[in-house]
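Annotated in Swiss-Prot:
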ACT_SITE  Asp33  active site
BINDING   Asp33, Glu223  Mg(2+) binding site
BINDING   34-38, Arg46, His50, 78-80, Trp82, Arg84, Arg204, 210-212  substrate binding site
ACT_SITE  Asn81  active site, proton acceptor
Amino acid sequence: MLNFIRSDKDKGKGNDNDINFSNIPKHIAIIMDGNGRWAKKRNLPRTMGHKAGGEALKRIVRECSDIGVKYLTVYGFSTENWIRPKEEVNAIMRLIVEFLKREFNELNKNNVIINPIGNILGLPEACITALNDAKNKTKNNTGLMLNLALNYGGRDEILNAVKNIFASYEENKISKDEIFNLSDEEFSSYLYTGCIPDPDIIIRPSGEKRLSNFLLWQCAYSEFWYSNINWPDFSIEDLHTAIKDYQNRDRRFGGVK
């Protein structure tokens, strides 16, 4: 596995020795919350908070890749976020394109798979083009899969899956009996996340303690970890703290031990 080169800002942060590398979560999901609060505390425009959030994403992707996380899913823009001021939405869309252009070479060099999930066709054309380009160019990589949840909503995802099942029935690709006997795993294959394993832990910074329509089907047995730190300030050390907490939990999946 190729390692990212940490910037001077990130060197020395976190303590790898505190992590049990035999029990690294396979799939980490993060609700990247608190960009606006971060900017407000500094009397900056909200767009500056979103830009700083991109820097946080960059360092967390690096660290997840380095320590052996297989899947990282980040909630970047929800189906409900369209109600925000138009200028903020437009700025977020520009930042998505800029992030992909700026970071693509390093991500690709380090074997990262870029996988957008959500109603991607509902995004502006420039975003669609940038996302599809990054996806196609990294699809044969074998390292960390970075799932970018954009124009994503858990309810929308489940409803879309049901529609896709019905469409498959109409096209004689699946029978009525097969629909009635669908397993959890088979239904999951119709979701935006496809056959990606469910998240082991969902992290939410900013102090909020709710799912906000994120991975509603997939989070059935996920562990949750909350922090009062706003996303732009989320550090490698904070990631390690969340992982160590996860490693100390007793996951029973409905059973007993």
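Using N, Cα and C of the backbone, Cβ positions are placed for all residues, glycine too.
According to its DSSP assignment, Thr79 (substrate binding site) is coil.
Under the three-state DSSP scheme, Trp38 (substrate binding site) falls in the helix class.
Closest to Arg204 (substrate binding site) by Cα-Cα distance, out of the recorded positions Asp33, Asn81, Glu223, is Asp33.
Using a 10 Å Cβ-Cβ cutoff, Gly34 (substrate binding site) registers 26 neighbours. Asp33 (active site) carries neither a helix nor a strand DSSP state and counts as coil. In the three-state DSSP assignment, the secondary structure recorded for Arg204 (substrate binding site) is strand. Taking the Cβ of Trp38 (substrate binding site) as centre and 10 Å as the limit, one finds 25 other Cβ atoms among all the protein chains shown. On the backbone, the CA of His50 (substrate binding site) and the CA of Asn81 (active site, proton acceptor) stand 13 Å apart. When Cβ atoms from all protein chains are considered, those within 10 Å of Thr79 (substrate binding site) total 18, not counting its own.
For Asn81 (active site, proton acceptor) paired with Leu211 (substrate binding site), the C-alpha to C-alpha distance reads 14 Å.
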